[in-house]
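The following features are taken from Swiss-Prot:
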TRANSMEM  5-25  transmembrane segment
TRANSMEM  32-52  transmembrane segment
TRANSMEM  67-87  transmembrane segment
BINDING   Gly75, Thr78  Na(+) binding site
TRANSMEM  96-116  transmembrane segment
Amino acid sequence: MEQLVYIALLGALGCLCRYFLSGFVYQVFGTSFPYGTLAVNLIGAFLIGLIMEFSVRSAAIPPTLRFAITIGFLGGLTTFSTFSFETFRLLEDGALLIAIVNVLVSVVACLTCTWIGIMVARAL
């Protein structure tokens, strides 16, 4: 039960971080492209690569903390559902090219950020 509390608390923190970070990114770059969602997903992809690889190679992150961070915080920070909704809206609005770019950039860049996180963890 204690682990569920940690997951919930860090999940709430991740949600708040997503709200403020994506809002800031949209203020800076505008809303013509889902920049805010892309930003939080890129950060989350990097962090999950870093944390998971580091925890596999080291006992420095106990499983309870790893689950709280990855399932809770990163689960709250990142958002596949918003990515899906924003892409669907782009398609509905006739912005086919922007929707395709969003899908391709999101998938390729998130995989790349995960890989970079793994490489950083291996270098530590």
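Here the Cβ of each residue, glycine as well, is placed from N, Cα and C on the backbone.
It is Thr78 that, of the binding-site residues Gly75, Thr78, has its Cβ surrounded by the most other Cβ atoms within 10 Å.
Counting only same-chain residues 6+ beyond the ends of the transmembrane segment (67-87), those with a CB under 8 A from a CB of the stretch are 3, 6-18, 21, 34, 37-38, 40-41, 43-45, 47-48, 51-52, 61, 99, 102-103, 106.
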